[in-house]
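Per TrEMBL, these features apply:
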type: DOMAIN; residues: 9-426; note: domain 'Enolpyruvate transferase'
type: BINDING; residues: Lys24, Asn25; note: phosphoenolpyruvate binding site
type: BINDING; residues: Arg99, Asp321, Met343; note: UDP-N-acetyl-alpha-D-glucosamine binding site
type: ACT_SITE; residues: Asp123; note: active site, proton donor
Amino acid sequence: MTNESFAVTGGRSLRGDLVPQGAKNEALQVLCAVLLSAEPVTIANVPEIRDVAMLLDLLRGLGVEVEKLNSDTYRFTAREVDLDYVQSDAFEDKARRIRGSVMLIGPLLARYGRAFLPKPGGDKIGRRRLDTHFLGLQQLGAQFDYDVDRNQYSVTAKKLKGTYILMDEISLTGTANVIMAAVLAEGVTRIYNAACEPYIQQLCRMLTRMGAKIEGLGSNLLAITGVEELGGTEHRILPDMIEIGSFIGLAAMTQSEITIKDVQVHELGIIPRVFEKMGVQLEIKGDDIHIPYQEEYEIQTFIDGSIMTIYDAPWPGFTPDLMSIILVMATQAKGSLLVHQKMFESRLFFVDKLIDMGAQIILCDPHRATVIGLNRRFQLRGIEMTSPDIRAGVALLIAALSAKGTSIIHNINQIDRGYQRIDERLRAIGAQIERV
Ligand SMILES: CC(=O)N[C@H]1[C@@H](OP(=O)(O)OP(=O)(O)OC[C@H]2O[C@@H](n3ccc(=O)[nH]c3=O)[C@H](O)[C@@H]2O)O[C@H](CO)[C@@H](O)[C@@H]1O
Ligand SMILES: C=C(OP(=O)(O)O)C(=O)O
């Protein structure tokens, strides 16, 4: 796939239905988990995005049979795995490009006793340490080695043994890795300070259907009793809550009337509440979220009248992956907002593009930005810009769709990493957006 750009002509209000894709970050976990069984695992609602395409390539390279049953459903059979592939240049090249590749380690270690990984890719949004993964795997009995010169990690174990693990921090992919290793370890593993996003819950549900014994679903303390082997299953990926949040932000910012279909509201945690704090009216109709046309939206203050702060935190806190969307929405809101991105240290630098477009933002430091909402006193203006990471990319796309004139957004590979044919889907509800 070439790295194209979007040409976006803004200022139109959009109208219609959007159906969210399957969740990127769940897909990356459950696709890695297919390595844990020699029997077929069928996964539905797999999003058609670049990160998934890359992971499918890695699985094929490892010798997994990958059959596409329909547009979003695949059957995987990991009868035998070619472990030599993980030492190849092809593996290194692909694994380095996505963050999700890190979750191949847990299953490979559990089933074959060894795993190897070059430093994984993903967004360049600050330091993204992997200590939590390896400290957890070491406690299960793995030997860990880091080749500083080649920036490569390896783990080996004759046998994994269950134990009590206090995770070094609440890491989403780290928890997934340790869970996938523990399900085939001998005895009981207790994982405390575990991440508990719906992604992790879904992974645990799928593993349980494959025969794993997991207690504590949805909490930060999991108890896993290891089994000898796992069987096949069928699994359906949840709608992507980050895409749902992005669509809510898009609707508010572009004064559109949009219905987001089949969102599985009960899995969205506090996400709807945070958008309500931003002044967005959300009407939950059955399992759909309807966002009516709103002339303006007003950011609430705290009860004592002080300025609203929105910050990220591990689940069930507000996900860091929606902070860029909240920030861009604030630029046209009535009122002011402090955006405090606590988890990543370089995720706010894209605000300079919004400032060039006319937004009133003060970047206080790498973690905090104050946004003074324009309340539509004037429109942002279209500019040429480059998308630094996936969520900033979509935030810039939203800004461009609301702006006066045409914007060019380069490096949209970043957006394609996690949003399925976003241009086509937004065009269908009236957006003027072309791939150039
Ligand atoms: C492929 C995938 O699933 N990627 C997601 C995954 O990345 P990933 O699993 O790599 O992220 P982690 O959960 O490990 O940690 C994210 C960052 O937050 C920091 N941290 C973590 C816990 C904490 O209490 N305080 C804190 O500051 C970590 O040091 C790290 O810099 O989870 C992130 C956090 O939800 C999301 O942004 C990514 O989209
Ligand atoms: C940061 C993200 O992705 P990754 O971890 O794949 O870089 C994201 O999905 O917002």
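Glycine is no exception: its Cβ is also placed from the backbone N, Cα and C atoms.
TrEMBL feature annotations superimposed on the structure.
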residue : record                                        : contacts (Cβ under 8 Å, 6+ apart)
Lys24   : phosphoenolpyruvate binding site              : Pro47, Ile49, Asp51, Val52, Asp240, Ile242, Arg417, Gly418
Asn25   : phosphoenolpyruvate binding site              : Gly100, Leu172, Glu197, Tyr199, Ile242, Asp321
Arg99   : UDP-N-acetyl-alpha-D-glucosamine binding site : Leu28, Asp51, Pro120, Gly121, Gly122, Asp123, Arg128, Thr173
Met343  : UDP-N-acetyl-alpha-D-glucosamine binding site : Asp312, Ala313, Pro314, Pro320
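In this structure, the recorded positions that sit close to ligand 2, with a C-beta under 6 angstroms from any of its atoms, are Arg99, Asp123, Asp321, chosen from Arg99, Asp123, Asp321, Met343. Other Cβ atoms within 10 Å of the Cβ of the residue listed as 'active site, proton donor' number 20 in total over all chains. In the three-state DSSP scheme, Asp321 (UDP-N-acetyl-alpha-D-glucosamine binding site) falls into the helix class.
With respect to ligand 1, the recorded positions Lys24, Asn25, Arg99, Asp123, Asp321, Met343 contribute Asn25, Arg99, Asp321, Met343 as residues with a C-beta closer than 6 angstroms to one of its atoms, given in sequence order.
Model confidence over the domain 'Enolpyruvate transferase' (9-426) is summarised by a mean pLDDT of 96. DSSP assigns Lys24 (phosphoenolpyruvate binding site) to a helical segment in the three-state reduction.
In the shown protein chains, 25 other C-beta atoms lie within 10 A of the C-beta of Asp321 (UDP-N-acetyl-alpha-D-glucosamine binding site).
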